[in-house]
């Protein structure tokens, strides 16, 4: 080993690495360094082994957390007088020095720094700090994890501090999280503990079932048709000549009909095709408009209208016929509906019997016959 370093174990290997061939100095650290717990470095300093500390490596390192103790070897915690415990943090005289028991409780030392309190009736707790108040008397009635509060027993009544999702005097009621109807589009709300979930109908998704699933995402339409999304459905806007749900059908081309001999159902309406008029018979094309058929059928009289028209016509005809019959009957009896209609007796006969009654359709005073002009005030008109 070089003379410039004295190492006693592998911990001082650094001394070897830093050693030189120079002779030892007069102020060699071996005279004051505890070589049992360290070694001398080339610079004359004392390098301590692990677990030792101090200028000369004379002091052991205590256990971490040791409060009222010392050590003889590294990582020890030897308690001083009056202290106990693994970390020497327990006061053996706690019952006399600190009086930890409250409300008249008696402190009893158990050794090793431990103690317990003998509480007076009506009090409890490690230090007799709690009174047997409403919570204890009621048997701690708060449910579902609720905390009973009574100001450590000194309150007149207790209160329950409920966890989220519960309510009531004893936290016994589960709050209905579906009360505000958070689920949309007819979804079913399932209540939980401080939460809810939505059971979405087909075609919707999301936490609140507000997302309409795109039924066109799979591109169901064929023939290059445009897809229009709906609620749990879709429509295909097929190009001309194609049909079906996904435009999978090829529609037959319509055959033009002749003007002379049109072949069509009796309920169809034939509409001349737009464009210039044909120059010869049979050269024009006809177009069958289904919309026009429906429109004309809708604009016709319904069954109820026809029945009302027949009834009204029958009543009118019966009224006219009754009027005519009554008029003829009165005429045959020589009675006008509005009064006498014959000339006075002095012109034709001494009485009204067997006289010919002439009914005038002219205003009063107009001559009824060129041979017999009426006398003033003698003609009676209907």
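Note: Cβ is positioned from N, Cα and C throughout, glycine not excepted.
Residues annotated as domain 'EGF-like 1' in Swiss-Prot: 27-58. Per Swiss-Prot, the feature domain 'EGF-like 3' maps to 91-129; the stated evidence is sequence analysis. The annotation domain 'EGF-like 4' is assigned in Swiss-Prot to 131-172. Residues annotated as domain 'EGF-like 6' in Swiss-Prot, with sequence analysis given as evidence: 212-248. Taken from Swiss-Prot, the feature N-linked glycosylation site applies to 157. Taken from Swiss-Prot, the feature signal peptide covers 1-26. According to Swiss-Prot, the topological domain 'Extracellular' annotation covers 27-305, on the basis of sequence analysis. Look at Swiss-Prot and you will find 327-382 tagged as topological domain 'Cytoplasmic', backed by sequence analysis. The transmembrane segment annotation in Swiss-Prot covers 306-326, and the record cites sequence analysis as its basis.
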| Nonlocal residues around residue 157 (N-linked glycosylation site), in sequence order (Cβ under 8 Å, 6 or more apart) | 134, 150
| query | What average pLDDT does the predicted model assign to the domain 'EGF-like 1' (27-58)? | reply | 84
| Residues in the domain 'EGF-like 3' (91-129) grouped by DSSP into helix, strand and remaining coil | 4 helix, 14 strand, 21 coil
| message | DSSP on the domain 'EGF-like 4' (131-172): how many residues come out helix, how many strand, how many coil? | response | 4 helix, 9 strand, 29 coil
